[in-house]
Amino acid sequence: MGGTRWGERGAERGGARGLRAGAARRPARLFRCRRRSRRRRRRRRRAFRSAEGLGLRFLLLPPGLRLPVRPVSRCRWEPVSSSALSTMPPKKAGDGIKPPPIIGRFGTSLKIGVVGLPNVGKSTFFNVLTNSQASAENFPFCTIDPNESRVPVPDERFDFLCQYHKPASKIPAFLNVVDIAGLVKGAHNGQGLGNAFLSHISACDGIFHLTRAFEDDDITHVEGSVDPIRDIEIIHEELQLKDEEMIGPIIDKLEKVAVRGGDKKLKPEYDIMCKVKSWVTDQKKPVRFCHDWNDKEIEVLNKHLFLTSKPMVYLVNLSEKDYIRKKNKWLIKIKEWVDKYDPGALVIPFSGALELKLQELSAEERQKYLEANMTQSALPKIIKAGFAALQLEYFFTAGPDEVRAWTIRKGTKAPQAAGKIHTDFEKGFIMAEVMKYEDFKEEGSENAVKAAGKYRQQGRNYIVEDGDIIFFKFNTPQQPKKK
């Protein structure tokens, strides 16, 4: 009995305080902690009763955290549920909104190709658009290898910022344009070097679909007559058939590995490609016409870069006379066809002959000619339309040293936009100080924008908008110490 613990003796005696056999004796400090806890609860109840008398509401909070109290009607105290305490505050409008996924290559160095039948004015258009000297002759396939150049995107906002700051360096946004050889009927089967030319289209991210709507006996047409509707349908058919030809081997390979081979990781991709085949081959619809692709499906589509997934802008090449008077028998028919078979796509008329003439004039003579004929060049509109079709936009950094337009994809968040300037800006991103171009122009200066309360500090979830003027704040990442 001398070695028996108190708890065991208590249990043997049947005492109320006895512990179960073999249990360790409870330390005295545990009972002291419980007494202190009871005293704290009594003090809190007294505080609540006092607060209720004063018309105040209290919340139980973790130690060290305090919230301001507010008056309420003099009534009984209403407890707050734990779910209400755990609820996060509502997000600001626009914060954390996920942009819709985009079909196509990632990045900002995207290209748009000039596509059409031979002898419709593609090389002439490319030359006047980019101020290049690509071969443009009156015979089919004068272009074999693609010509590539870039053209600055005209923007009055950029011009205004340059005029205001008078910077030492001016860097606008650029659109990369590729002149691709003409396609003919049967190109998907290799007719007229079609396979090579279609591969050039595959390397682009968007299409300027150029068609001819002018009569000229001196310029031959591969189909023997001018019919822009027929020409548009030929190009669409060739792109569609090439995609159908691409899908077959892809599905066969996936079926061999995912279905017969039992590779579960590739089974979702196989199912997605079957859906693409149903859409393109069975329903005869371009990939871009389906608006129900989810993120995973678009991820698979972006691996293969189908020709019919590329955005398209329709350019109608008119004679100088028709363009100036804004009349042509084909324009209405082309617009009706596009609205029916490619809804939402832009149709832009222009005149290659007029643009070539304007290019040869001096700036003063060009202005006089345009004013005399009450017309204007279509090139600025075409460049902006191509830039927007690629889902590109830009923000500005502006100051006396440099005014620059930084190209980004639509839906880019502030840290990634900062990374376009330097990777350290993205890694150490703190905030983006943003003002809208319209506010800057209206108020007249940065200080005036701040005084008007229109200068915003945006965090990581801010989606950069086209034309934002941004100043980024960041921490320089610390370099690892050398051993």
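Each position is counted from 1, following the chain as shown.
Quick reminder: no glycine exception, Cβ is built from N, Cα and C everywhere.
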Of the candidates LEU318, LEU331, LEU346, which does TrEMBL annotate as part of the ATP site that also includes ASN119, VAL120, GLY121, LYS122, SER123, THR124? LEU318
Pick from 1-23, 208-230, 461-483: which range does TrEMBL record as region 'Disordered'? 1-23
Ranges 298-305, 354-361, 434-441: which does TrEMBL label motif 'Nuclear export signal'? 354-361
Tally of residues which DSSP labels helix, strand or coil - the domain 'TGS' (391-474): 26 helix, 33 strand, 25 coil
